[in-house]
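So that you can see what the record holds, here are the features copied from TrEMBL:
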type	residues	note
TRANSMEM	B:32-52	transmembrane segment
TRANSMEM	B:58-77	transmembrane segment
TRANSMEM	B:98-124	transmembrane segment
TRANSMEM	B:144-162	transmembrane segment
TRANSMEM	B:174-194	transmembrane segment
TRANSMEM	B:256-278	transmembrane segment
TRANSMEM	B:298-324	transmembrane segment
TRANSMEM	B:336-361	transmembrane segment
TRANSMEM	B:420-438	transmembrane segment
TRANSMEM	B:469-494	transmembrane segment
TRANSMEM	B:506-531	transmembrane segment
TRANSMEM	B:543-562	transmembrane segment
Amino acid sequence: MRKDFAWFVRRGLLLCAILIVCAGIIGTVRADRYSTEQWFDLVAFGLTLGGVYALIALGYSMVYGVLRLINFAHGDTMTVGVFIAYFVARGLEHTKLFETSPAVAVAIILIVGAVVSALVALLVERFAYRPVRASGGFAPLITSIGMSFLLQQTCRGMFGSGVKAYPDPGWLQGSMRIGTFSVPNVEVMVLCAAALVMAGLYLVVNGTRMGTAMRATAEDPRAAVLMGIDINKVIAFTFLLGGLTAGVGGVLYALIYKQVYFMMGFLPGIKAFGAAVLGGIGSIPGAMAGGIILGLAEGIGPTLILDGLGIPAPYQLRDLFAFALLITVLICRPQGLFGEAPARRA
Amino acid sequence: MLHMWEMPEPRQLAERNNTIPVILQAMARPMLAGLACGLAGLYAAFVGILVLMHGRVIIVDVLTLGQCVLLLLGLAAGAKSRTATATRAILPDLARGAVAGSVYGAALACGLALFQIAFLRTVLVSLSPELRRMLSFGLESGPAMVTLVVAGGALGVAGSLWSRLGGEQRRATLTAATAVIVAGTLQQLLQTVLQRFSFTKAIGDLLFSWAGLKWQGALLVGAVAAVVGSLWPIAKREFGARQPTLHALLSDNRSAFQLALLLLGLSVLPALAGPYIGQVLLMVALYTLMGMGLNIEVGLAGLLDLGFVAFFAVGAYATALLTADSSVALSAYTSIPALSFWLAVPIAVALSVIVGVLFGLPVLGVRGDYLAVATLGLGEIVRVIVLSDFAAPILNGAQGILQVPRPFVGSVELSSPVSLFYLTLVCSMFAAFVAWRLQASRLGRAWMALRDDEEVAQALGVNLVKAKLLAYGLGAAFAGLAGAIFATMLTSVYPNSFNLLLSINVLALIVIGGIGSIEGVIVGAILLVGLPELLREFGEYRFLFYGAALIAIMIMRPRGLWSTSRPSGAMPGGLR
C-alpha cells in the first residue's frame, strides 16, 4: 500500500482515537465509581440493544447486498408493524392471555409485527422501488427517502402523533437471578427472541433454494439471471425476510422502551444501518455482529470512556459513541469488520 | 461487470390457458381501476387528509378540495377503465366506466361501513365524525352506501365519456380544472397579493369571496385557463411564422431563456407580492444556496454527503456567537468586540471551509455509499455535541443563542423578509456563477473525472486529495454562508434546526432538480421548499405530500426535472 497523505491522516486519527479511549478507560478504572453489578447491568443492556439493532440491521444488509440500495424506509416499515402489533397487544390485554400464558401472548405480538412489516416491505418494493430500479443514479435512494416520509406520516395520520405506552405484561417486569447478578426478564426475552430469529434466518438463507438464489444474486446479479434465477422473486423475497426480522426487532425495541410513536423507526433505523455497515454491509453474520458491537459500545462506552475523561452527563453523548465507532471503522476498514473488500467501481 | 440494471428481463411465464369467462375478462380492467382508485380514496380518508382538504373551500357553497379529490378519483376510475386495445364502441365503454365507478363507490361504502366497528374508532384517530358526515352526505348508513355506489357509477360513466374526447379537448378541460383547483387552494395567498394594488383588487373581488372562489369566478378562471391553454400552441406557431429569426433564437437558447425568465420572476415577485411570499422565497433562495454547495460535492465531484448540515450549523453558530447581543456571545466574555453581520460572514464562511476540509480529511479514502454513511455519522456527531452539556458553556446547549442582530446597509436595517431575500438572492446567484464557471474549468473537469472513475482520474494526474478537499471546502463555504443568513433571519440559533432532515432535504432537491445542473437546483428548491411553505395550512401533512412527490417524480423523471443533457456517469455509491 502506498503511504499517501490519506494514509497518514487515517493513521493519525486512529492513534488519537486509541489514545482517547485508553485515557478514558484508565480514568474510569482509577476512579472506581461503579460496582461489578452495575457493570454487568450495562453489559446486559448493551447486549439487548445490540440484539435489536442486529435484527433491524439484517434487513438493511440483505437489501443492500441484492440491490445496492440504502433502504431509508426500512426503519419506518418496522414502525408500521410495531403499531399494528401494539393494537393487537391492546386487544390481548382484555383476554387475560398476558396473565395465563405470557409467552404465547408475546409470541403473538411478535408474529403480528413481523408479518405486517413484511407485507409493508413487499408493497413498498413492488410499488415504489421496482419502477425506479432500472433508472440507476440517485433515483432509488431518493425514492426510499420519500417512502420513509410517506410511511411516517401515514402512521401519524392514522394512529395519531402522541406517544403510546406499550402494554406491559407483568411477567416482563420481573427479573431473573443468574449467580449473583439479576437480569430483567425483558432483556432475557429479547435476547432469546433475537437469537431464535437470527438462527432461523441463517437456516433460511443457507439452507433453502430461495436463500441460495439470494446469495447468488448478491454475489453476481447478471450471472444469477443467466443461471435462471427470477430476479424479481429474489428481490421480493429479500424484502420479505428483511421485513420479518425488522418487525420482530421493532416490537422488541418497543417492549424494551415500552412506547410507540410514529417517528420511532428513525433513530434505531439509522443506528441499525450503521451496525450493518460496521459489520460489513451485505454480509449477514456481519450485520449480526455489527449490531451486537454497536449495542455494547452504546451500553458501556459512555460510562467506560467518557466518564473517565471527566465529561459531564456522558449518557447524552451515547449516540456520538455509536457514530464515532462507525466512522472509525469506516476510515480504517471501509468494507466493515466482516465484509469483503469493495470491488473497484467500473 | 455489467450491472443488474442492464440485465435482460427474466423469461416470462407462458400465458396460461384462459378458462375464465369472457365477460369477466372484459371487466377485470375496470374493476382493477375502480379498486385502485377506491383504495386511494380510502387511504386519503384514513390518513386524515380528506377531512383536512374538506375544510378548504374551492367554490363557495359548491365544492371543497376534499370533494374535488373524491370526484377526480371517480372520474379517473372511469377514464382508466379502458385498455388501449379495447374497441372504441360507446356502449361497452360506458358499461366499463359504470363498473369501474361502482367498484370505486363500493370501496368508499366499505370505508363508511367501517365506522360501525367501535374497536376501529379507538385505533384509527382519523375516523372522525366529520369524515363520516362527508362520506355519507348526512344520510343514514344504508342509503348513504347505496348513494355512494350509484354516484360512483355515474362518475365512472362521466370519466369514460371524457376519455373518449379528442386530445385537444381533454387537455383544455384538464387545464381548466387544474386552474380552478389551484386558484381555490391558494386563494388566501392570491387574495392577499391581489388586494395590494387597487387595479388588481377589482379582479380579486370579482373572483373571490372571503372563503373561496365565487362560482362565477370559478367559471371565469376555468374558461380563461381553457382558452389560454388551447390557444398557446397556435400562438406559438403564429409567432414562429411571423418572426422566424427571433423564434429560432429563443428555441436555440431555450434553457438560458427559461432560466432568465425564472430569475426575473423570482426577483420581481417578492417586491410585488408582499412579506409572506417574500418569506417563502427567502427559504427557497436559502436552500438554493445550499443546493449549489452540495451540487459541487455530489453533482460534480460525486461525493455523496449526508452530513452537509454540519457546515450550515457552523456558519450559523459562528455568526451568532460573533454578532449576538447576549450573555453567551463571544463579546460577552472575551475581548472580541461584537462584530457586524458583514464582518462576521467572512469569518463564518472561513470557519465553515476549515470544518469542511477537516470533515473531508478522515473520509478521503471512503467511497460511495460508505461515504454517505460516514458523512451522515459526522453530521449527527456535530448535532449531538451541540446539544450536549459538554459543549454548553460555549454553545449554550438546547437554549441556543438569541438576539442575533439583522444586517445593516448604511443605516438601513435589512429586517423584512423581502430585503433579506434580495441579499440571499445575490448570494445564491454568486454561488450559481461560481458553480457555472467551475464546471468547465480545470478543477471542474478534475472533479468530473474523479466522479466517473477515481483510479483513472488519479492515473491521469488528478490530485485526489486536493480535488476532494476543495470540493468539501467549497460546498461548505456556500453552506456556511447560508447558515449565516439563516441565523440573522431567525435572529436566533437553536441546535434543533440542524438535523439530518436538512441534509436530506438539500440532497433531495438537487436530485429532483436534476443532479449536476444549476437550473435544476432552483427548480428543486422551488418545488421542495417553496411549495411546502405555501401549503403550511396542511401542517404536518406537508411531509406526506413531500414524500409522495419525491417518489412520484423519481418514478416519472428518474433523472430529475431539469437534468443536464450531458450523459452523467454520476452513480451514487456502488450502483455500478
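Every residue gets a Cβ built from N, Cα and C, even glycine.
Within its own chain, the transmembrane segment (B:506-531) has Cβ neighbours under 8 Å at 255, 258-259, 262-263, 266, 280-281, 283-285, 287-288, 290-292, 294-295, 298-300, 305-306, 308, 432, 435-436, 546, 549-550, 553-554, 559-564, 566, 568, 570, counting only residues six or more beyond its boundaries. Within its own chain, the transmembrane segment (B:174-194) has Cβ neighbours under 8 Å at 56-59, 63, 65, 68, 72, 200-201, 203-204, 207-208, 212-213, 217-218, 221-226, 228-230, 272-274, 276-277, 534, counting only residues six or more beyond its boundaries. The transmembrane segment (B:32-52) makes contact with the transmembrane segment (B:98-124), as judged by at least three Cβ pairs under 8 Å among residues 6 or more apart in sequence. Residues 263, 266-267, 270, 278, 281-282, 285-286, 288-289, 292-293, 295-296, 300, 406-407, 414, 444, 447, 474, 478, 481-482, 485, 488-489, 518, 521-522 of the same chain, all 6+ positions outside the transmembrane segment (B:420-438), place their C-beta atoms under 8 angstroms from a C-beta of that stretch. By the count of Cβ pairs under 8 Å, the stretch nearest in packing to the transmembrane segment (B:336-361) among B:144-162, B:298-324, B:469-494, B:543-562 is B:469-494. Listed as Cβ neighbours of the transmembrane segment (B:144-162) (distance under 8 Å, sequence separation of 6 or more from its ends, same chain) are residues 30, 34, 71, 74-82, 93-94, 96-106, 108-109, 112-113, 135-137, 170, 173. Non-local neighbours of the transmembrane segment (B:298-324) in the same chain are 290, 330-331, 336, 338-341, 343-345, 347-349, 351-352, 355-356, 359, 368-369, 371-373, 375-380, 382-383, 386, 394-395, 401-405, 435, 438-439, 444, 447-448, 450-452, 467-468, 471-472, 475-476, 479-484, 486-488, 492-493, 495, 497-500, 502-504, 506-507, 510, 515-517, 570, 572-573; each lies 6+ residues outside the stretch with a CB under 8 Å from one of its CB atoms. Residues 47, 49, 508, 511-515, 517, 519-520, 523-524, 527-528, 532, 535, 568 of the same chain sit 6 or more residues outside the transmembrane segment (B:543-562) yet have a Cβ under 8 Å from a Cβ within it.
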